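Report on the structure given below.
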Amino acid sequence: MEFENQTFINEFILIGFSQNVLIRSFLFFLFYVIYVLTVLENGFLIYTIIFVSKLHTPMYYFLCNLSFVDLCVSSSTVPQLLITVLSQERRISVVYCLIQMNTALILGGIECLLLAVMAYDRYIAICFPLYYTVIMSWRVCRYITVFMWGGSFLFSSAPTLIKPFVFCRENRLDHFYCEVLAMMELACGDISFYKITIVVVGFFTLFSSPIFILGSYFCIILSILKINSSHGRYKAFSTCASHLIVVFMFFGTSLTMYMGQASFSAYLKYISLNYMVFTPLLNPLIYSLRNNEVKE
């Protein structure tokens, strides 16, 4: 009865960014170059880790997973962004929009868990080096991978499968892709279920993961300070620095978006550019340029 006499919509119009032709042309060129570089960088890093036997360690295994996730994140959003910038129509079906939204949520959840696992891997390698091969065995790595992908799919997709979105009002989506918060603003009826879900899932991913990561690195720093060799301390700090840079980039913008929904709703699409467009571009650069083994 709640939706009686309502006209349900079957497509959205993505508003995107500026309507100015020159600005749109510049943005198309910028995002196109970023996308090409992102694909090449992550593709080459995956290729290098797979085919260089020296890099067949748990640390690089998870780094390969991160590059694959970044490649998927970029490919699931940037092509749509290019169409949105270039096209006058900017229409997208509701079905495709929901698929894109769930894909972004699943990949985002995997990246949260993956960054936490990579912090734990460094914690074991630096604080318990003699037990590293036992604790981080390939069997454990496989179990962790299954948990990351399966857990993220369950937590991210279950809410929309249990109670699917229904759209019957405005079909103009103020974003460059089908982002969940932007879509919630267009949903009909009571959306308190989705708000509660975002808070709960956000606690287990966006809050728990950074706390776990910071705890791991606190223990790592204490262990590094006990190293007598200055060269050893520098090498250990250098190994961890790249991971911390990625953590601050990813979780900083994610927490700003999903934990401050009301305050930053007008800036969602601009904040989204950081972790959907720029982070997948910068991740392989940060890891490869600061890692001697990868550079060799």
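Here the Cβ of each residue, glycine as well, is placed from N, Cα and C on the backbone.
Distant neighbours of the transmembrane segment (21-40): 70-71, 74-75, 78-79, 81-82, 85-86, 277-278, 280-281; these residues of the same chain sit at least 6 beyond its ends, with a Cβ under 8 Å from one of its Cβ atoms. Among the features that TrEMBL reports, transmembrane segment is placed at 21-40 (among others).
The domain 'G-protein coupled receptors family 1 profile' annotation in TrEMBL covers 41-287.
Among the features that TrEMBL reports, transmembrane segment is placed at 60-82 (among others).
Taking Cβ pairs closer than 8 Å, the transmembrane segment (94-118) reaches residues 9-12, 59, 62-63, 65-66, 69-70, 72-73, 76-77, 80, 144, 147-149, 151-153, 155-157, 160, 164-165, 167, 173, 177-180, 183, 201, 205-206, 208-209, 212-213, 243, 246-247, 250-251, 254, 275-276 in its own chain, all 6 or more past its ends. The transmembrane segment annotation in TrEMBL covers 94-118 (among others).
Per TrEMBL, transmembrane segment is recorded for 130-155 (among others).
Annotation comment: TrEMBL describes 200-225 (among others) as transmembrane segment.
Residues annotated as transmembrane segment in TrEMBL: 237-258 (among others).
The transmembrane segment feature in TrEMBL is assigned to 270-289 (among others).
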Lying 6 or more residues past either end of the transmembrane segment (60-82) yet within Cβ distance under 8 Å of it, the residues of that chain are 14, 16, 28, 31-32, 34-35, 38-39, 42-43, 45-46, 49-50, 92, 100, 103-104, 107-108, 110-111, 114-115, 117-118, 121, 141, 145, 148, 176-177, 275-277, 279-281, 283-284, 287, 293
